[in-house]
Structure formats: structure tokens, C-alpha cells
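Trainee: What follows is a single structure, and I will ask about it in a moment.
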Ligand code: ADP
């Protein structure tokens, strides 16, 4: 069955990137100048924005995507795939002359090492003017989520529109990049992994104590909540009022951890859009991410809500 976007307003709006991932598998990575014969090739939709939109939609949120997508080559296909997940794409700016983002990924089947070339394409062109066109969608949401694969002035404008309407803002500060003060000032939830937290705070983040110190330094820059994801160690949830709370991860056999953070953020956004308390929304994200890492693939591995425990089902 193919899902279609409904006419209900979106409770979660994702402002972010969309890419086509082109993945080759070969016994090892080629040396410079070398040609290897590969074993397999897979093309799959990706980009942190699209991944998080799919994660939230699978968990039952009504999701809209705000982005700029070049529809040359694979762009139209990418938008259709998002629509087939039930994500609203009417607020996406399209450009028939531009290329979408492409990630060329080489994976070594012996050892699992990879090399990636990422060409941002139209993701780099998302502007504050594009975001302004999506004002009504942003202001009707409960939660607006963004990552750092699109330009920060566009995100800052989206967050300013959201905050003016009382909509919660979540910044997943990935990949690790310096964040503009203007954007951070509009960020209520800052979500990042331990490496990104260490880099952003300019502090070490090898131990839980160091992560806690880094999170406290980040809290002092303005967000109300800082969430540091720790892979198989779970999550550190920090706020000025509640202090730091360590929420351990579910124990699973990890098969493929790529995209764990995106599934987590999609789940967190879904829980917050349903009005859940911070720790409960974090648990929803963790449960979804734990299931996703126990399966191969990124979007293909993201669970549907019915696969999660009874206490994580929507509360009416
Ligand atoms: P990222 O993909 O951004 O590096 P993490 O690796 O920290 O993010 O993973 C995000 C979340 O996914 C974690 O906080 C955890 O809840 C869950 N997760 C990741 N890896 C595992 C694992 N091996 N077992 C259980 N849960 C995991």
C-alpha cells in the first residue's frame, strides 16, 4: 500500500536536506587511480532532513518537509519517495535546472570501512525566502526540526517563524559545524552526538562526566534542553531545571548503526509533537533507533509505531 499525504496540518515540520545515496560495495576501498570490480550497487534516498522526516512519519506523526530540491536527474524521484511515505512535500521549493544532493559512498565489504564524497547540490541553495514561502506550514506545526546540511540563515528564519507562533524548535547540530549565535538563540532543543557535543563545546567528550560538562557548557549558550546521544550507551538529557539525566539504550544486536541519530531525532520530534514530557519523548526516539540499528539500511530500517512497546503507543 502506498501512503499519500493527508490534508491534516503537519505536527512535525522538518527543514533540511534530501540526497540520493549511491553506494558501491567492493572487497576493499580502491587506492587513488585504481579501478576495482564491485560486488553490489544500491541507490537509496537519504539526507538527514529526509531521513528524519521519514522516521517521524513511520512513527505516526503528520510530517511536512521544507527544502529546496533540484529536480534534474534523481530529484523528482526523491520527492516522490518522500511523498510515498506520507510526508507532505507541497512546501518544498523545486528547481528544474538544479541537481539534488548526491552522496557517492564506497563501502569495503571486508572490514566495513567507507569513503564518501558528498555533493550538496540544491541543499546548499535553500534560502530564507524559500522558508518564508512555507510560513503557514511552519506556524501550524507543534515542532520544527532542522539539521546542519542546509544553510543556517534558512534554518534561523524557520526557527524565528516557529518561535513567533509558539512552535517548539529542535536543532540536530549534525554534521559538526560551528552554529551561528542567531540560530542558537532560536533553538529550544539542541540534539547532537558525543563527538559533535565535544567539538561544539570545544571540550573533550570521551567519558560520561566530560559529556555532561560539555552539555552544561552548551546549555549556557541558550537552548532549554541539550540531548547528547551516546550510541549504545543511550542518551544524556540535560536542562537547567532538571539537571542531567542518563537514559540507557535498549540492548540490541547492532547490524547497521548508520542513521541511528536520524531515527532518534524523528522519534523525539514525534513524542514532543504529541505533548509528551521530555524524558518520554527521548525514550520514544531511543526505542525507534534501537530497532533501526538492529536492521540493515537507513530509511528501510526505520520502524513503524506499532512495532514499539505498548507504553510508547500514542496516548489519546
Ligand atoms: P549518531 O548516529 O548521530 O552518531 P548515536 O550513534 O549516538 O547517533 O545514536 C543515536 C541513538 O540511537 C542513541 O542515543 C541510542 O538511543 C540509539 N542507538 C545507537 N546505537 C545503538 C545500539 N548499538 N544499541 C541500542 N541503541 C542504539
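Cβ from N, Cα, C; glycine included.
Feature list, courtesy of TrEMBL:
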{"type": "ACT_SITE", "residues": "262", "note": "active site, proton acceptor"}
{"type": "BINDING", "residues": "19, 20, 21, 47, 48, 49, 50, 51, 149, 262", "note": "substrate binding site"}
{"type": "BINDING", "residues": "193, 229, 230, 231, 232, 233, 234, 261, 262", "note": "ATP binding site"}
{"type": "BINDING", "residues": "256, 258, 292, 295, 297", "note": "K(+) binding site"}
{"type": "DOMAIN", "residues": "11-303", "note": "domain 'Carbohydrate kinase PfkB'"}
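Just tell me what is around each of these and how deep it sits.
Mentor: Residues near residue 262 (active site, proton acceptor) in space but far in sequence (CB under 8 A, at least 6 apart, same chain), listed by position: 48, 51, 52, 55, 172, 298. Reduced to three states, the DSSP call for residue 262 (active site, proton acceptor) is helix.
Around the Cβ of residue 149 (substrate binding site), the same chain contributes 16, 17, 47, 48, 49, 101, 120, 123, 175, each under 8 angstroms and 6 or more positions distant in sequence.
The Cβ of residue 232 (ATP binding site) lies under 8 Å from the Cβ of 249, 254, each of which sits 6+ residues away along the same chain.
Cβ-based neighbour count (10 Å, all protein chains) for residue 256 (K(+) binding site) stands at 16. The secondary structure of residue 256 (K(+) binding site), as reduced to three states from DSSP, is coil rather than helix or strand.
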Trainee: Quick test of your reading of the structure: among the recorded positions 48, 258, 262, 295, whose CB sits under 6 A from ligand 1?
Mentor: none
Trainee: Nearest by CA distance to residue 19 (substrate binding site): which of the binding-site residues is it, out of 230, 234, 292, 295, 297?
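Mentor: Sorting the binding-site residues by distance from residue 19 (substrate binding site), the top entry is 297.
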Trainee: Out of 234, 297, give me whichever of these binding-site residues has the highest number of other Cβ atoms within 10 Å.
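Mentor: When each Cβ's neighbours within 10 Å are tallied, 234 leads.
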Trainee: Can you list the residues of the same chain, besides 256, 258, 292, 295, 297, whose Cβ falls within 8 Å of the K(+) site's Cβ centroid?
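Mentor: Filtered neighbour residues, in order: 255, 257, 259, 260, 293, 296, 298, 300, 301.
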Trainee: Let me know the model's mean pLDDT on the domain 'Carbohydrate kinase PfkB' (11-303).
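Mentor: Within the domain 'Carbohydrate kinase PfkB' (11-303), the model's average pLDDT equals 96.
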Trainee: Going by DSSP, give the three-state secondary structure for residue 295 (K(+) binding site).
Mentor: coil
